[in-house]
Amino acid sequence: MGCWGRNRGRLLCMLALTFMFMVLEVVVSRVTSSLAMLSDSFHMLSDVLALVVALVAERFARRTHATQKNTFGWIRAEVMGALVNAIFLTGLCFAILLEAIERFVEPHEMQQPLVVLGVGVAGLLVNVLGLCLFHHHSGFSQDSGHSHSHGSHGHGLPKGPRVKSSRPGSNDINVAPGEQGPDQEETNTLVANTSNSNGLKLDPADPEKPRSGDTVEVQVNGNLIREPDHVELEEDRAGQLNMRGVFLHVLGDALGSVIVVVNALVFYFSWKGCSEGDFCVNPCFPDPCKAFVEIINSTHASVYEAGPCWVLYLDPTLCVVMVCILLYTTYPLLKESALILLQTVPKQIDIRNLIKELRNVEGVEEVHELHVWQLAGSRIIATAHIKCEDPTSYMEVAKTIKDVFHNHGIHATTIQPEFASVGSKSSVVPCELACRTQCALKQCCGTLPQAHSGKDAEKTPTVSISCLELSNNLEKKPRRTKAENIPAVVIEIKNMPNKQPESSL
């Protein structure tokens with residue numbers, strides 16, 4: 001609540017200042033014909049929308065408890081808010097770019113540059129205040145939320161209740177949510193007797209809320225996972241991603257204010273306009289009065305020329321520079337938030353090296369259906385099928401596998417153990433718990449049917465192979481011929497009296 005309260009106060013303060021100043025800039029830009037100020041006012045409008053989105057995302061992201069409709073809570077709300085803010089900012093950049101191109105074709109003279117200068121300085125002060133409020137969100141901090149689930153256990157939330165350690169070898173531990181001690185350990189809430197996969201007991205009257213008065217049964221393979229104390233003090237990277245979008249909006253607005261101030265100063269000191277009562281010609285754009293300059297000169301009347309012309313092109317040029325800077329700073333935010341929502345493998349995870357280390361674990365015969373994705377921020381989740389030799393040694397193998405995932409920064413893992421059946425070979429049947437044939441197309445990476453002969457008395461199950469595992473097998477083994485890749489179809493001929501031969505697939 002403390003972090004939410006601080007961010008909420010900053011966002012509300014910046015929202016009020018931004019909205020009031022946006023209205024002021026729109027009025028002044030129309031009166032003075034300043035493109036830079038008009039662009040900055042549009043940017044202010046985008047900032048208002050960004051701050052509203054950030055407030056909503058920040059509020060929803062506090063609801064980290066699991067529900068029957070959302071087993072991960074609203075952790076990804078801030079990632080979605082960051083993506084929306086990045087899209088807003090990108091669209092705003094293109095709108096400013098089109099307006100700048102129009103000003104290159106038809107330049108306009110700025111009216112009342114001192115007024116523009118005053119408003120620009122005031123806007124710069126507001127944006128500097130915003131940068132001071134959100135400067136600690138300009139980068140990312142590392143966060144590690146641990147959660148493990150091996151075998152038949154489900155996922156817990158990244159931040160579960162603190163539980164008290166018991167004697168070694170104890171499997172079931174009852175802990176009241178309010179208990180705390182100096183030797184506390186943090187782990188996920190894993191409850192075996194509930195329908196919620198995240199292990200939270202739900203109130204029958206209100207399924208959306210967990211029951212706070214019940215004791216929580218925690219069972220993690222007989223051992224509690226010890227977490228470092230500094231994990232609770234670190235701020236979640238998902239919130240950093242959302243607030244970074246706000247910071248980029250404020251930074252872009254500050255750049256716009258700087259452009260307004262510079263353009264107003266240059267125009268005030270360099271531009272020589274026409275005074276009232278004097279005949280003046282502006283050579284910077286077509287003027288029908290130019291045709292009469294020679295006639296007027298023959299009468300020895302004084303003719304003045306406005307200029308220099310480059311001052312009129314400074315405004316759109318600086319706007320183009322601002323657009324380039326904003327796009328350069330927004331692209332990483334847009335890319336990162338989109339990749340998180342697309343559930344791609346985090347860039348800091350070397351998936352091939354991870355598979356290699358898992359296969360090198362003693363007691364592991366095969367690794368397949370390995371999937372790694374990023375839930376939000378630094379909360380990385382992994383699932384895998386691990387084939388082991390002996391069920392009795394699985395617990396030791398699971399601890400080693402857990403350490404391998406920890407070393408790669410993956411702290412929320414679900415391992416499906418598979419034990420080799422008698423006479424089976426890992427290279428022939430990589431998955432002992434294959435999916436049914438009718439659900440093959442609904443898996444993450446599809447299925448590959450296993451060829452079998454007609455002599456087999458039992459049906460051979462469909463073999464499920466992940467895309468990465470299939471690519472690794474193709475790299476290690478020589479390519480098969482086209483005929484060998486075709487699944488074998490078995491036709492059984494039954495000799496029935498007075499009946500035609502019957503075939504079955």
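Each residue, glycine too, has its Cβ placed from N, Cα and C.
What Swiss-Prot records for 1-10 (among others) is topological domain 'Cytoplasmic'.
Within its own chain, the transmembrane segment (11-31) is flanked in space by residues 37-38, 40-41, 44-45, 47-48, 51-52, 54-55, 58, 111-112, 115-116, 119, 122-123, 126, 129-130, 133-134, 246, 250, 253, which lie at least six positions past its ends and keep a Cβ under 8 Å from the stretch. For 11-31 (among others), the entry in Swiss-Prot reads transmembrane segment, with the evidence type sequence analysis.
Model confidence over the topological domain 'Extracellular' (32-35) is summarised by a mean pLDDT of 74. Per Swiss-Prot, the feature topological domain 'Extracellular' maps to 32-35 (among others).
The transmembrane segment annotation in Swiss-Prot covers 36-56 (among others), and the record cites sequence analysis as its basis.
Around the Cβ of ASP253 (Zn(2+) binding site), a 10 Å sphere holds 27 further Cβ atoms from the protein chains shown. Under DSSP, ASP253 (Zn(2+) binding site) is assigned to a helix (H, G or I) in the three-state scheme. Here Swiss-Prot flags HIS43, ASP47, HIS249, ASP253 as Zn(2+) binding site, drawing on similarity to another entry.
The topological domain 'Cytoplasmic' annotation in Swiss-Prot covers 57-80 (among others).
Taken from Swiss-Prot, the feature transmembrane segment covers 81-101 (among others). Using a Cβ-Cβ cut-off under 8 Å and counting only residues 6 or more beyond its ends in the same chain, the transmembrane segment (81-101) has close neighbours at 35, 38-39, 42-43, 46, 49-50, 53-54, 56-58, 241-242, 244-246, 248-249, 252, 316-317, 319-320, 322-323, 326-327, 330, 333-334, 336-338, 341.
The topological domain 'Extracellular' annotation in Swiss-Prot covers 102-113 (among others) and is backed by similarity to another entry.
What Swiss-Prot records for 114-134 (among others) is transmembrane segment. Sequence-remote contacts of a segment are chain residues at least 6 beyond its ends whose Cβ falls under 8 Å from one of its Cβ atoms, and for the transmembrane segment (114-134) they are 10, 13-14, 17-18, 21, 24-25, 28, 31-32, 34, 36-37, 40, 243, 246-247, 250-251, 253-254, 256-258, 260-261, 263-265, 268.
Residues or ranges marked as topological domain 'Cytoplasmic' in Swiss-Prot: 135-246 (among others).
As annotated by Swiss-Prot, region 'Disordered' applies to 142-215.
The feature compositional bias 'Polar residues' is assigned by Swiss-Prot to 187-199.
Taken from Swiss-Prot, the feature compositional bias 'Basic and acidic residues' covers 203-214.
Per Swiss-Prot, transmembrane segment is recorded for 247-267 (among others).
Under the heading topological domain 'Extracellular', Swiss-Prot lists 268-306 (among others).
Per Swiss-Prot, the feature N-linked glycosylation site maps to ASN297; the stated evidence is sequence analysis.
HIS249 (Zn(2+) binding site): 31 other CB atoms within 10 A of its CB, across all protein chains. Only residues 6 or more beyond the boundaries of the topological domain 'Extracellular' (32-35), in the same chain, are considered here, and those with a CB under 8 A from a CB of the stretch are 99-100, 103, 108-113, 115-116, 260, 263-264, 315-316, 319. For the topological domain 'Cytoplasmic' (57-80), residue counts in helix, strand and coil come to 9 helix, 0 strand, 15 coil, using DSSP.
Ranked by Cβ neighbours within 10 A across all protein chains shown, the binding-site residues HIS43, ASP47 are led by HIS43. Other residues of the same chain near the Zn(2+) site, with their Cβ within 8 Å of the Cβ centroid of HIS43, ASP47, HIS249, ASP253, are THR18, MET44, SER46, ALA50, LEU89, ASN127, VAL250, GLY252, GLY256.
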